[in-house]
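K.L.:
Annotations per TrEMBL:
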- 51-79: domain 'C3H1-type' (DOMAIN)
- 51-79: zinc finger (ZN_FING)
- 84-109: region 'Disordered' (REGION)
- 93-102: compositional bias 'Basic and acidic residues' (COMPBIAS)
Amino acid sequence: MGKRYFCDYCDRSFQDNLHNRKKHLNGVQHLRAKRLWYDLFRDAAAILQEEQTKKPCRKFLQTGQCDFGSNCRFSHMTEQDLEKLSAQVQGEQRSKDLRQEGADVPPGAIEDWLEKRAKRLSVAQSN
C-alpha cells in the first residue's frame with residue numbers, strides 16, 4: 001500500500017506520492033484550511049484594520065448567513081463586534097505600553113477591567 005501523508009490542516013490522509021501531494025497542497029480545500037489555521041493567530045489590531053476597510057455584507061445582515069462564509073470579501077461583523085474588537089485592541093495597546101514603562105501588571109487584569117466596563121456601559125445604556 002505504501003506510505004501515507006497526513007495533512008494536519010485538513011485532517012485527512014492520502015497515499016503519498018508526488019502527484020497526490022502536489023494536487024492536495026495546491027487544492028482549494030487545503031489552502032482554505034491553512035488560511036483559517038493561521039487566522040486563528042492573527043493580531044487583533046490587524047483584524048480590526050481589515051474589517052474596518054470592508055463594507056458590510058448585505059446578505060449576512062439580512063439573513064444572518066452568507067454563501068461565501070469566511071471567503072466573503074465583505075465584513076460579517078456587526079457594530080457591537082467592531083466595538084468589542086476595538087476595546088480589545090486598546091486594552092492590548094495599554095498593557096503593551098505599561099510593560100514598556102516597566103509597570104508590573106498581572107496578566108488579564110486590563111482585559112477583565114475592560115469587560116466589566118463594557119457590561120456597566122451596556123446596562124447604563126439600556127436603562
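Yeah, the Cβs are placed from backbone N, Cα and C, and that goes for glycine too.
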K.L.:
Could you tell me what the rest of the chain brings near the domain 'C3H1-type' (51-79), counting residues at least six beyond its ends with Cβ under 8 Å?
P.N.:
32, 36, 39, 85
K.L.:
If we skip the immediate neighbours and take only residues 6+ beyond the ends of the compositional bias 'Basic and acidic residues' (93-102), which ones have a Cβ under 8 Å from one of its Cβ atoms?
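P.N.:
Long-range Cβ neighbours of the compositional bias 'Basic and acidic residues' (93-102): 45, 110.
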K.L.:
Under DSSP, the domain 'C3H1-type' (51-79) has how many residues in helix, strand and coil?
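P.N.:
Summed by class, the stretch gives 13 helix, 2 strand, 14 coil.
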